[in-house]
Amino acid sequence: MFKSLKILKETKDFGAMSGAVIYLREDLTISELKVDIVLGVFNFCSLFGSIAGGRICDWIGRRYTIALAGVLFLAGAILMACASGYGFLSVGNLACSTGVGFAFMIAPVYTAEVAPASFRGFLATFPEVFMNVGLLVGYILAYAFSRLPLYLGWRLMLGAGGIPAICLIVGILAMPESPRWLVMQGRFAEAKRVLERTSDTKEEAHLRLVDIIEAAGQTANAAAAQSAIVKPLKSNTSAADPWKELFLRPTPAICHILIAALGINFFRQASGLDVTLLYGPTIFEKAGVAPDQKLLATIGLGAVKLIFVLFATFLLDRSGRRPLLLISAVGMIFSLFGLATGLIIIDQFPGKKVTWAIALCVTAILCNTAFFSIGLGPITWVYTSEIFPLQLRGVGASIAIAVNRLTSGIIVLSFTSLSKVITIGRTFLMYAGISMVAWLFFYSILPETKGKTLEEMQGLFGEFFIWRSRSSSSSSSSFEKEKKQVDQDHS
């Protein structure tokens, strides 16, 4: 729960920023280009935070990486709220966006490593839930503070982000460390205690510990774990270089995993939802929504996003990742085509209010947000955090999130220029085309991971299209069978 506070803080900044840019541009007298740079650099700086976060979380642990993200959030919120000019605002944005990089990388990884396989999907979507709570709070604050004096309103919008950051820094004291990171450090006794707190029975915790030790390459210590004689020993996994394992000599399974992780993160951002969220008021204005209703319409956008993410939270471990992901992509394709059509029609009648086209645009934006939130949005974080092997998880997830942030930065930075060159309607038509390619990628490359332990994931990958017949024929994992046997013996 505490780890989700940092996600809430980060996206509260994102939602508040979408409203704040309307006012800070006027108050600080900065150009539209500089505003685009601030918004785009936010993603590029978070890219470096994601890359650094992979190594840092392997070095100091998942728990303290979360604390570091909280400190950066707090510093960034204070600096942006006190900004007297463009330079000061940029420095605060740099601190905050670096913390965002840590947040996007470490939150899903931490959740996946602590959660049992049976409801890992449910827990791993919590960061996305709180992300959308933060987004909605940011939109509401933007609307509430917009009625304050110009010089004060946008500062309070951005400065309020320090509140959840403080809660996060305090809350870190109650969070356990990831048991898988503890195993990598040879701290088996501590890992066992954490697993006992997050498992239904001690026997289940014991089985999970043995699986984790074997997956970490500590096979010499597996026998000791079987007898519950776990002694802190120096980890022998430090010799492995995850960068070489991922890029220089990857096995077919690792190659497949890397393609899947990079692909789903690329398509999540290339489909253009960040543009809809960040430029929501601008798009609503272009669609013909009244000026005094723009921020209210954006609040509705945040509410829809949160509601459908909550649906996804309860469906992930029942329906699985693939069905939701494919339905999500299909819905986004049609929604983006609808939005593009409405915007193109509005452009054909400048100065006239085309009511049906305005209604089509608003409906399409809400539908696109809903379909994204029930599938591609939350599943990206779940999938990225669960498919990499233990020794490669920190670095692998950081690379995938770096692609996520890089793509988001390019999409956000290019939106204004692109919409002027090919019109805003054709820009969303391009996003619809990208979503079609995304559906083909998801269908062909991504296997179902529901119900599998993190230690079993690697067995799903490596043969690309052949995995479908294999995964459908093995509906229950060996861990689940072993757990059922232990439960029967225990009863």
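Cβ coordinates are placed from backbone N, Cα and C, and glycine is handled just like the others.
Any TrEMBL annotation is an automated prediction that lacks curation.
According to TrEMBL, the domain 'Major facilitator superfamily (MFS) profile' annotation covers 1-450. The transmembrane segment annotation in TrEMBL covers 37-57, 64-86, 92-110, 122-146, 152-175, 295-316, 323-345, 357-383, 395-416, 428-446. The region 'Disordered' feature in TrEMBL is assigned to 470-491. If you look up TrEMBL, you'll see 479-491 marked as compositional bias 'Basic and acidic residues'.
For the transmembrane segment (64-86), the list of distant contacts is 2-3, 5-6, 9-10, 13, 28, 30, 34, 49, 53, 56-57, 92-100, 102-103, 106-107, 110, 155-156, 158-162, 164-166, 168-169, 172, 175: same-chain residues at least six beyond its ends, Cβ to Cβ under 8 Å. Spatially, the transmembrane segment (357-383) is not adjacent to the transmembrane segment (152-175); fewer than three Cβ-Cβ distances between them are under 8 Å for residues at least 6 apart in sequence. At the 8 Å Cβ cutoff, the transmembrane segment (92-110) and the transmembrane segment (323-345) share fewer than 3 close pairs (sequence separation 6 or more) and do not count as touching. When pLDDT values are averaged over the domain 'Major facilitator superfamily (MFS) profile' (1-450), the model yields 78.
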